[in-house]
């Protein structure tokens, strides 16, 4: 059971491991399936034993969307998401290029500092950042959730892109340089188009991060018309006499986009996560 | 070439990060350090900030909730780190066998990792519901009367640990990539020597993936100290503070009680604990982590 890639093993060991995997997959899927089933039930059915509803009440979704103000929260989430995506991708690529291609003084030290900041728990800077943003009147605006993305876009992202850029042959830069291109043109015309794989990975991680972020919006957004989806959903639980079917419909709607992105772009996830563990290797 | 004018252009490219480092990391860290030795509630404004020396740290010694939050977090880390590691490694081993349908299984196991913590929390609030949650219904089917889970102080933390087990897909993927890095020849040689599956696992697989185990253990401990959303949404620290995670307590101090000084002190203690654990694991790693000689270091 505990080995890999041996043909010596008899068939039943293969069968046993297959059964284990199936059982595990059932454990993963049943909660999701049950949530989906509940989202389509009538309130009375929620309290009954049947797994699936008798009639699929798609109207639960319509009612849930209206009750939470789903579209307001969606709009708020996108107002944060789009600039954060742009800021993160551009500024992390720019910094990655600086670390990958230039030999300025203190580069090694600065790169170590960059890696060290990955170890710093966000709680340490959370309180002073809040005070700072409060003093300049940005609390209850989207700005504290957006602006930091334009300043480096996160140490891990810089690291990820820099590793990839180091693999791009220097001949390409040099021949462009001979042709009269400056450093910025080399960056936009050569490095960026060739670095698509890590840039896509960074975009996906950023999307997930913003979509799923809870503590950030919780700290900075006070008025409910500014809530993001993640924050709005949790408040929905507290505000209304919980109707489970509608709550589950809303829950399904919020998990759907990340799941879709995951299914479309799974290879980037798997690679990105493997790289994150390789930093320490 | 080095430090020539064109090389210095590198500074311009990393400038956004450098500014960010000063504005959002180093600056706040210094301010936070100052706050940790001060007393200040945010409502009265910056001018009322008052230096109190070590008072915040002294307060911690008598703060029962501080001890409670440490206890909750340590229990969580001590139980969940080994549990999640063993479970993930076991699944990764199964997934690493060359059977058909592995891609499909990999997809399924990873799915919970992309679901927003808030959405997962909502789901599990309902699953743990004592009367109509699917968990207690399944238990009732076997004639077992399930507990009230999230409403019961002796089960709430356990419930959160169980819920976390559902989302270990990340860890599985990291183990899987570790397993795929183990050279095939080692297994072939072991087979020739007549090693059984358990011998192969303990003498080849485990030593070879020990750097991955090492990484995951560190991440697991850090994760315990940063655990927030689920505890906030599902139990808000209750019942009877049985799920008062450290990070939740810190949040409450800062943003419910507005004790910014005390909360900053708490955040530095969190930092020191994480640092201490990380160093401890790194120090001890020479005893149990095996790095391949030709490992490419960067």
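Heads up, residue numbers simply count up from 1 along the chain you see.
Cβ atoms are placed via backbone N, Cα and C, with glycine included.
On a predicted model such as this, the values are computed, not experimentally measured, just so you know.
What TrEMBL records for B:70-281 is domain 'ABC transmembrane type-1'.
Taken from TrEMBL, the feature transmembrane segment covers B:12-37 (among others).
Positions annotated as transmembrane segment by TrEMBL: B:74-95 (among others). Residues 102, 105-106, 109, 157, 160-161, 164-165, 168, 171-172, 174-176, 178-179, 201, 205, 213, 216-217, 220-221, 224-225, 227, 245 of the same chain, all 6+ positions outside the transmembrane segment (B:74-95), place their C-beta atoms under 8 angstroms from a C-beta of that stretch.
What TrEMBL lists as transmembrane segment is B:107-127 (among others).
Sequence annotations record features per position, and here TrEMBL assigns transmembrane segment to B:155-176 (among others). Beyond its flanks by at least six residues, the transmembrane segment (B:155-176) meets 72, 75-76, 79-80, 83-85, 87-89, 91-92, 95-96, 106, 109-113, 115, 120, 124, 128, 147-149, 209, 212, 215-216, 219-220, 230-231, 234-235, 238-239, 242-243 of its own chain at Cβ-Cβ distances under 8 Å.
Among the features that TrEMBL reports, transmembrane segment is placed at B:208-228 (among others). When Cβ-Cβ distances below 8 Å are used as the criterion, the transmembrane segment (B:208-228) is approached by residues 73-74, 76-77, 80-81, 84-85, 88-89, 171, 174-175, 177-179, 181-182, 186, 245-248, 251, 270, 273-274, 277-278, 281-282, 285, 288-292 of the same chain, each at least six residues removed from its ends.
The transmembrane segment annotation in TrEMBL covers B:260-282 (among others).
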